[in-house]
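Below is one structure, written out as structure tokens; the observations come after it.
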Amino acid sequence: VVIVAVLLLTACQLITANDSRGTQKHRALRSDTKLSMSTRCKGKGASCRRTSYDCCTGSCRSGRCG
């Protein structure tokens, strides 16, 4: 019984993996969105330091988030 259950779960995972392939087209955008929602970050134009990585855009130039 355990072997049958393991085989069924494995088959379901393989089918799900094949169905979801290629559905995430904009990975970089999704990562930025996830970062801005999960942490407190500074908006565009806010003061920043290159070493703190606290801009929502991920870019700190000349002391301002870009």
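Note: Cβ is positioned from N, Cα and C throughout, glycine not excepted.
Per Swiss-Prot, the features are:
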- Cys41-Cys56: disulfide bond (DISULFID)
- Cys48-Cys60: disulfide bond (DISULFID)
- Cys55-Cys65: disulfide bond (DISULFID)
- Cys65: cysteine amide (MOD_RES)
- 1-17: signal peptide (SIGNAL)
Cys55 (disulfide bond) - helix vs strand vs coil (DSSP) | strand
How far is it from Cys41 (disulfide bond) to Cys60 (disulfide bond), counting Cα to Cα, in Å?
-> 12
One should report the C-alpha separation between Cys48 (disulfide bond) and Cys55 (disulfide bond), rounded to whole angstrom, as 7
Can you tell which of Cys55, Cys56 has the most other C-beta atoms within 10 Å, given these are the disulfide-bonded residues?
-> Cys55
Taking the Cβ of Cys41 (disulfide bond) as the centre, count every other Cβ atom within 10 Å, in any protein chain shown.
-> 18
When a 10 Å sphere is centred on the Cβ of Cys60 (disulfide bond), how many other Cβ atoms does it contain?
-> 20
